[in-house]
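Per TrEMBL, domain 'FAD/NAD(P)-binding' is recorded for 45-372. The disulfide bond annotation in TrEMBL covers 92-97. What TrEMBL records for 101, 165, 194, 195, 196, 357 is FAD binding site. Residues or ranges marked as NAD(+) binding site by TrEMBL: 229, 230, 231, 232, 233, 234, 235, 236, 316. For 392-501, the entry in TrEMBL reads domain 'Pyridine nucleotide-disulphide oxidoreductase dimerisation'. The active site, proton acceptor annotation in TrEMBL covers 491.
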């Protein structure tokens, strides 16, 4: 929501962007040349972007590449977001994917050091972990990336402004810089890319808990952490803190964590979390938090009590739309605050668009990048483009990680008109046969029986995200199970299992659709 405005610095380029009358744009649902529109009204910018996260930066840069005069705004940089703080790069770079993955790397070394002994490494029993050193390195990296994103915008000819952006008309934006002044700009098109923020559970003592923002920058590593939530943020932080030596209790409302993922994968993730020493509390919620002398007393809805030094709420995120003045200008939102858009990312006001988490479609960084690219092609490139949400891979960076693409077995069964074929492979990775770690890798392919097309793939085990990215290309291209089977594997590797799963695990008929509420 902060504002960084970038203007094209060379007068010749600005002049050219204003005089190219043949550029096609999608206006009011129809392709028209920009000249007829510009004749009606002159604007400060062709595009004003509110929010310089992944989607906003991509849209700004690609739109400028099509010759548009672009400005972007963002709040001042800070690792922890608030109504006054943000930063170029957005959630992913500053307080999401990037710093989280750095901490996952750090936490993974605990298991690696344990496993190394059976590979001949003689290590001291008491290996020390320095949280403050890793925290410093993490902060250095996100600060560096913040600067990289600024330079990318500047080199693209985009004008950056620092401050909070709000919409005051169909073509009007107000920027509130940190100095308290107000600046107003007009734009032919306004793009909202303000992302989302972590939410807190409304229970007594909720202010004693932290969210993922604070967890990524916490000054002292917890000795005992309680985590509420069963989503990817919850299981990732459970793995991180446990890997760094903390006692971790994970509470979630369902029987298994990671609702929405394949049930078989969810079960193996839960088993792996327990195997790494994380204490799971399924079908359990927190009802109250109280500050006590030795930490925070946590009361569950079953009447149990635990004292911890950190409580993390990892119970989802909500769109950053409440301070944009949307209702006043006629932009509709749903009950969660997500901005309603059509298949081209256009809001209910024709000149205002939205991409990324603020629309709550598929909240992943690469998806925001795709939406931003499609927006710029549609509006400034003369190439009306709809984001394609089919076969988008994703990963949960627990230890070991889970990665999927396409349909889960449950989704395939629910959507299928015919039979579904399921192929699975469960095995001990070669590394674990030497280290002695009791952790299995599981892989799955879901196939449409009539067409032989592979419609879903999933894996839980080391390197799952790296492997699944390649599988995603195959599924996007419509690969069949026969084509998987005819592909020669790389040996010895875990990945080769995806092309050697020739024995059918089960066939689910269209008439038999099991229900799950795990």
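Cβ from N, Cα, C; glycine included.
If you compare every pair of Cα atoms in 101, 165, 194, 195, 196, 357, the residues listed for FAD, the longest distance is 30 angstrom. Excluding the listed site residues 229, 230, 231, 232, 233, 234, 235, 236, 316, the same chain places 237, 257, 258, 314, 315 with Cβ atoms within 8 Å of the centre of the NAD(+) site Cβ atoms.
Counting only same-chain residues at least 6 apart in sequence, those with a Cβ under 8 Å from the Cβ of residue 196 (FAD binding site) are 91, 317, 318, 319, 320, 357, 358, 360, 363. In this structure, the C-alpha atom of residue 233 (NAD(+) binding site) lies 13 angstrom from that of residue 92 (disulfide bond). DSSP labels the residues of the domain 'Pyridine nucleotide-disulphide oxidoreductase dimerisation' (392-501) in these numbers: 36 helix, 33 strand, 41 coil. Here residue 229 (NAD(+) binding site) is positioned 19 angstrom away from residue 101 (FAD binding site), judged by their C-alpha atoms. Taking only the Cα positions, the spacing between residue 194 (FAD binding site) and residue 92 (disulfide bond) is 12 angstrom. Taking the C-alpha atom of residue 229 (NAD(+) binding site) as reference, the shortest distance to any of the recorded positions 92, 97, 165, 195, 491 belongs to 97.
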